[in-house]
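Visitor: Per TrEMBL, the feature transmembrane segment maps to 28-50, 62-89, 101-122, 142-165, 200-228, 240-262, 274-295. Among the features that TrEMBL reports, domain 'G-protein coupled receptors family 1 profile' is placed at 43-295.
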């Protein structure tokens, strides 16, 4: 129902155009995206099965890794099926409420993943800086509480996105989203009303989650490196550092893509849209794709069990 030639009143359907400027080659772009998704689901499922089935891996580090695997699978599954529907089957339409739900899932799982990376950092901090107290501090009860708090934090911070869009906006300039999935700012920019409150709250959530987590991760690793370099034996230093390499690789690539996507969406008006959309899509696909590969290659216990599975 239109109120004028320029605005649309409460649209029931939206249209995702995919990657603007690359519509003619989207069918080919979908091939590596699909391959990354399949590897992500297979790798994280295998990782989760190994962690659950092997009692020797029922330690805080691996339990957090299992949480990360579940979050990665949920995050990639939230976007890839619809994205491939746009790229391969030319089905760009999506119900407005379904688009909001996809947006909620994406940002909730992003916040959870950031929190899990922080929890894994704290686990490594205690294990290296206070090894004798690690088993006492990181009990099963504490791990359960940390997981619950991280999920609750994500839900509480992301849910107002839905309310601010549904309750504040009635008129929209267009129903076409220049994106391959439903992202908060991509939806907000469609509105024909004042979007300042939504922008401010989006920035607040981004810095509350990513800014807070990254700050504590950085401080923790500074303390870890100070402790490691003070160890008297070279072998002990290498062993302690090696337990952190996989996690460092994972959180660096996660936050690199996260901050690039965040700042280009808000301040990168001079960057071509297809660059931004590609990086935004890779930001959600690359971590779930790389995480099981990185941990499988760098963690001896997991590597041994993977070899056992394939040999048997």
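Glycine too: its Cβ is placed from the backbone N, Cα and C atoms.
Curation does not apply to TrEMBL; its annotations are automatic.
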Visitor: State the residues, same chain only, that lie 6 or more residues beyond the ends of the transmembrane segment (240-262) and have a CB under 8 A from a CB inside it; answer 'none' if no residue qualifies.
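Guide: Contacts with the transmembrane segment (240-262): 110, 113-114, 117, 120-121, 124, 127-128, 206, 210, 214, 217, 221, 224, 227-228, 231, 276, 279-280, 282-283, 286-287, 290-291, 294-295, 297-299.
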Visitor: Does the chain bring the transmembrane segment (101-122) near the transmembrane segment (200-228), so that three or more CB pairs sit under 8 Å (pairs 6 or more apart in sequence)?
Guide: yes
Visitor: Same-chain Cβ contacts of the transmembrane segment (62-89) under 8 Å, 6 or more residues past its ends?
Guide: 16-18, 26-27, 29-30, 33-34, 37, 40-41, 44-45, 47-48, 51-52, 102, 105-106, 109-110, 112-113, 116-117, 119-120, 123, 143, 147, 180-181, 281, 284-285, 287-289, 291-292, 295, 301-302
Visitor: Give, as a single whole number between 0 and 100, the mean pLDDT over the domain 'G-protein coupled receptors family 1 profile' (43-295).
Guide: 89
